[in-house]
């Protein structure tokens, strides 16, 4: 089989060192952002003399209101309001989620402990019955511990991301006074803080957990990595509540603010007279940032866990080859280093001077990171894998060469880039699909909706082919392990992906703050340009998340089928077929719940905003202040109450199906939900993104065609706003939450597989 170039000792040093480099880099970026002051600088002359040209800059920028203390004070006030709103919402959410976490941890322990009746005696290994493995009770205890670890890491990732975003939004607004390039760097750096923090934390916690569990498990790697799967389950279950809760919060506020403010009262977006405006800006942080952070962390944890489980029963695990076993972690370590170099291209090597350079700069990030990562993966595959080894393939061992595994990761990596660019083509207003949607607004909202839906359905075609090709290639080379590492390949540049993704909501908030602080039109134009680019990149980020979710889910499905000792999943048996039908229905049920939640919360919000406009004297004239707090409370209460039913649906389905109908029906449910969930998720995200950018296309009026549709307040513009409002829950609540549904059900089934295989299928046993 041959040995690896990289020694076990070197692996034990390399993985944590790369994680620490990631954390240090994110702290440096944070320090650079923190140097921009949000308190008014009373002694501008004395503090700037040291910098030579600093004072001169002040004189040049006088007309932009750089020395206007009132503007800075206002920005600081608005930033505090947004930060407090986001923090208090997340604390409330985490209290509810914490209760759930404890309850579910107890469930894991009881279900897995009861497999062998809580016995403490060693048992024969599942895949190698000649050997003795640690007792089932140990798996129960350690799975519970790793579940808790994953959950806590996921929550911390989301919370840190939100803190950084609310810290950076006003700083981006203030830097926009000096030009679009300066503002871009602040927003992007802040995104990078979140990206690197999350990638490095996820890797470090997983690595430490594996080493601590090894102290007990010793040579029983099969048991060790089975227990580690709880880490992925913890990460994704928290992400589900973060995504759904945050998504309902942000969209209730957004829909309420848009419908009354823009359509009925004809006031601009983010106007301080609008009572829902603070809730809307808080929502960007709790939904798009905290939710997205937890979501991608979940994908990352699960793809690592899926790869490790399959590897532990392949030659890597059987021969106790630690370096080859850690191949998924080494790929992620390389990813952190590659993304570090890529980030410097955006912040230090090139400077953005004009608005039209923003989107290309963000696209370059994706291309540079993918090209560099391809080289990085080749190096890792060469030094960390033996030249030939065997991979577990549904009961047999398949011989695989190291170059084949490199191709598996590479295929995932490039499929991610393709999905990203197709998403961009369908959601950016620089291309014809969105321009066609904008054009359809001439004849009203109905045609806009028809065109938008058609665009979403059409945008599914190429991503599905990309996912299909990567599945076929990676499975042909390395069975289920190939699919797991392909998913890891797609997520290996997660730090850059998240930086680009978090950049969007930060610049969105910056624009809101500029409008509320009453800054000049030119500054608002700059922040709008940053925001429009951010909208497209957010859609690209969602494309990555959905594509990787499909691969991760399939890899977990394979691990589940192996663990539950199912030799084949036969679609023609009625047990499996009914599972397929029910599974394919679940994403629709889930989407119905989340959409309705947004609708009913938005209804309350619209009524409250109307009430304030009608009853507070002098509000429209700008003489009285609206009551922001009531709107924030409506969003908070609605999202906390409404996130529980969809969450329960996803978490309880595998438990109920596995316990009462058995593993075969459950395998049908998982396959069905994967197949239908991916399609709905892609089309929902892209439809919503296209409607949003069609509205921005008309508002910006950058081309001759756009000017014939505008200006703001025209009939086509109002039709576009209605489309955007319908698309809000699609692109920010239902769409992104669906990828968590797909992954979460699969990872949960894998964690509970020993219980289902032993005690599952009660109904069929009775009859």
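Just so you know, glycine gets a Cβ as well, placed from its N, Cα and C.
Taken straight from TrEMBL:
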TRANSMEM  13-33  transmembrane segment
TRANSMEM  96-115  transmembrane segment
TRANSMEM  135-162  transmembrane segment
TRANSMEM  183-210  transmembrane segment
TRANSMEM  325-346  transmembrane segment
TRANSMEM  366-385  transmembrane segment
TRANSMEM  405-426  transmembrane segment
TRANSMEM  460-488  transmembrane segment
TRANSMEM  544-566  transmembrane segment
TRANSMEM  572-590  transmembrane segment
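When Cβ distances are compared across the two stretches, the transmembrane segment (544-566) makes no contact with the transmembrane segment (96-115), since fewer than 3 pairs at least 6 residues apart fall below 8 angstroms. Sequence-remote contacts of a segment are chain residues at least 6 beyond its ends whose Cβ falls under 8 Å from one of its Cβ atoms, and for the transmembrane segment (366-385) they are 4-6, 11, 323-324, 326-327, 330-331, 334-335, 337-339, 341-342, 345, 402-403, 405-406, 409-410, 413-414, 416-417, 420-421, 489, 492-493, 496-497, 500, 540. Under 8 Å from some Cβ of the transmembrane segment (135-162) lie the Cβ atoms of residues 86-87, 90, 94, 97, 101, 104-106, 108-113, 115-116, 118-123, 194, 197-198, 201-202, 205, 209, 213, 216-217, 223-224, 226-239, 242, 285-286, 289-294, 297-298, 301, 502, 751, 754, all in the same chain and six or more residues away from its ends.
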